[in-house]
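Only one structure is covered here, and it is reproduced in the block below.
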């Protein structure tokens with residue numbers, strides 16, 4: 001039995017563009033000697049005492065299991081021959097603006113998700129081109145010819161499916177999901193690949209025996225809403241290719257944060273501080289990717305007895321600097337009166353954009 005009606009707008013033409021290994025690709029483009037080598041954008045752990053996180057990496061590095069947001073130390077252990085580059089975010093921002101300018105030739109309905117990916121609604125576009133697939137190919141061609149970079153594209157009738165499509169064939173892929181193909185495409189997909197379904201939700205779905213889109217299709221809406229609340233409503237519709245959220249050209253993020261729940265309680269102050277530093281670096285990475293800087297740092301800490309505290313500090317000037325965010329987060333931690341208790345969750349959020 002359906003709790004809410006299924007409304008599915010099949011008339012829209014949505015493209016999701018995702019640049020391939022963007023920061024690393026820009027560095028390789030500007031230094032051809034790096035071509036074919038495992039390139040990691042992030043601090044070299046040999047120079048930072050093991051600190052730092054991976055912003056992104058080339059596909060050669062990914063072959064060794066390196067990925068975004070991994071600690072630089074672990075990345076080096078997996079791929080000691082990698083070339084580490086600290087990154088030039090002003091350069092990446094400049095290239096990102098050039099990419100945005102290419103998008104605007106076709107439509108003003110652009111929703112940037114970060115510096116290197118965006119949704120485009122081309123249902124009504126500036127050039128009067130009826131085929132969204134043709135527009136996606138033209139955008140890929142423009143980006144390659146003008147910037148010597150590759151992008152993957154997904155085309156469908158909503159944002160969820162367009163994102164799933166762009167992830168399907170990387171790098172430099174183009175995947176189209178038509179309305180009549182959506183359900184079969186999603187049926188064979190591992191549930192962990194569903195966009196917007198986080199690791200904890202995946203674990204809970206696995207406990208319910210849900211491992212694929214086909215499994216998710218079999219779960220009644222009432223069960224999903226009972227288990228997951230509002231997310232259950234969305235899961236039921238995503239399994240059926242339904243997602244009617246519009247492309248928002250004025251989308252504003254009010255905060256950017258990272259938190260982590262620890263399977264093993266953190267007891268040592270040294271371990272807690274190390275985790276806070278790592279979380280700060282991940283938040284800084286997200287700030288760079290979103291082209292944001294904030295004035296307020298918020299620390300969240302949940303103890304082993306599940307009691308939760310938050311502390312915040314306002315800065316004189318906006319920042320996206322990892323070391324400054326880390327310094328403030330550690331200062332907030334030092335001000336806590338219950339440092340002797342075990343910690344099960346840490347979180348750092350930046351706001352005040």
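Just so you know, glycine gets a Cβ as well, placed from its N, Cα and C.
The annotation domain 'UmuC' is assigned in Swiss-Prot to 14-198 on the grounds of sequence analysis.
According to Swiss-Prot, the Mg(2+) binding site annotation covers 18, 116. Classification of residue 116 (Mg(2+) binding site) by DSSP places it in coil, neither helical nor stranded. A 10 Å cutoff on Cβ-Cβ distances gives residue 116 (Mg(2+) binding site) a total of 23 other Cβ atoms nearby, all chains included.
Other C-beta atoms found within 10 angstroms of the C-beta of residue 23 (site 'Substrate discrimination') number 30, with every protein chain shown included. Look at Swiss-Prot and you will find 23 tagged as site 'Substrate discrimination'.
The active site annotation in Swiss-Prot covers 117. Taking a C-beta cut-off of under 8 Å and a sequence gap of six or more, residue 117 (active site) has these contacts in its own chain: 16, 17, 18, 19, 166.
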Number of other Cβ atoms within 10 Å of the Cβ of residue 18 (Mg(2+) binding site) across all protein chains: 21
Integer Å distance between the CA atoms belonging to residue 23 (site 'Substrate discrimination') and residue 116 (Mg(2+) binding site): 9
